[in-house]
Amino acid sequence: MIDFYYQLRQRMVDAMQASLKQIRQVLGFGVQEFGDLIGLTRQTINNLETQKNKMSSIQYIAVCAVIDNYVKDKPELLPILSTILCSNEDESSSNVFETIENGSLLKKWFMCFPDESKIFGFSSDMTSAIANEDFNNIAENYRVFLDQTVLFEDDFSNAIQPLALALKNRGNKFIVPLKVIEAIQHQLMSPNENDVSLAKNGMKLLMGMQNEELVDIRGEKNDVNIVSTFVSVFAKFKCVNRLAIITCDAKLAKQIMGLNNDALGGFNILVLKYSKANGFQKWEQEDLCDEEIEQSIMMNDNDELKPEDSSTAGLKGWESID
């Protein structure tokens with residue numbers, strides 16, 4: 001399923017890039033003005049139009065937003081834009097842009113994701129435990145993030161194996177921010193023996209995943225702390241990818257769940273937790289009591305490290321998570 005929908009979206013991005021100059025001219029924008037509207041530099045627009053750089057999903061969505069806003073006042077341009085896009089599609093496939101639902105390219109984009117109700121036996125806004133048979137669907141349709149708290153959980157290394165295998169079979173990986181690694185390293189220096197033991201086990205599990213090429217560690221030098229990194233990354237990509245996170249941190253769970261609102265648009269984020277007693281479950285609002293949040297805040301007070309403590313050389317950043 002992920003291959004079909006991913007390939008469909010990639011065809012849309014490729015067609016948009018091949019059509020970009022023509023579309024910009026039809027809309028009557030110069031390169032600088034068009035770049036200002038989208039939030040890209042003049043040079044970036046030039047590089048996209050000349051195919052020097054490949055268009056990203058984020059850039060595609062930004063272009064679609066500008067087009068959608070423009071054709072609200074000039075709907076007569078929509079058939080022209082549709083024809084341009086169709087003419088630049090792969091000739092071996094049917095035309096994706098032959099019909100544009102409700103005159104919106106953004107709606108067209110969001111329709112090119114699998115229906116959530118077909119991924120699970122429940123939707124992400126319903127209460128339910130996550131069964132093992134759901135792991136294949138998560139691996140196929142979601143980018144899955146881990147934080148350090150779940151890596152510390154008793155028996156997590158065994159419980160995660162079905163999902164890890166499903167990810168590997170589909171060429172997918174867990175994503176772990178660099179700030180999570182730094183938090184584990186910081187805990188290794190704790191005077192508390194139990195904290196050190198948890199950190200050692202978490203690091204061992206993470207290294208094992210790396211050896212099996214099951215984890216993708218990402219970070220940028222301007223990442224501040226764990227919570228802000230997750231929130232900024234999820235807010236950026238929830239309109240592009242289906243996202244999931246497994247965490248036992250109530251503060252982080254509450255912040256991520258706060259992104260699941262209509263104002264931000266995009267897809268609801270699947271926010272999961274794990275315990276040996278209950279397995280994998282979704283976080284619910286009633287789980288986020290004040291006491292848990294206070295404890296979580298105390299745990300994360302020392303997350304922020306000095307810039308010189310972080311090394312992002314050779315790491316992938318947050319330009320894309322495809």
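Here, residue 1 is simply the first one shown, and the rest follow in order.
A Cβ is built for glycine as well, from the same backbone N, Cα and C atoms used for every other residue.
These features come from TrEMBL:
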DOMAIN    20-54  domain 'HTH cro/C1-type'
REGION    301-322  region 'Disordered'
Within the domain 'HTH cro/C1-type' (20-54), count helix residues (DSSP H, G, I), strand residues (E, B) and coil residues, in that order. 24 helix, 0 strand, 11 coil
Within the domain 'HTH cro/C1-type' (20-54) only, compute the mean pLDDT. 94
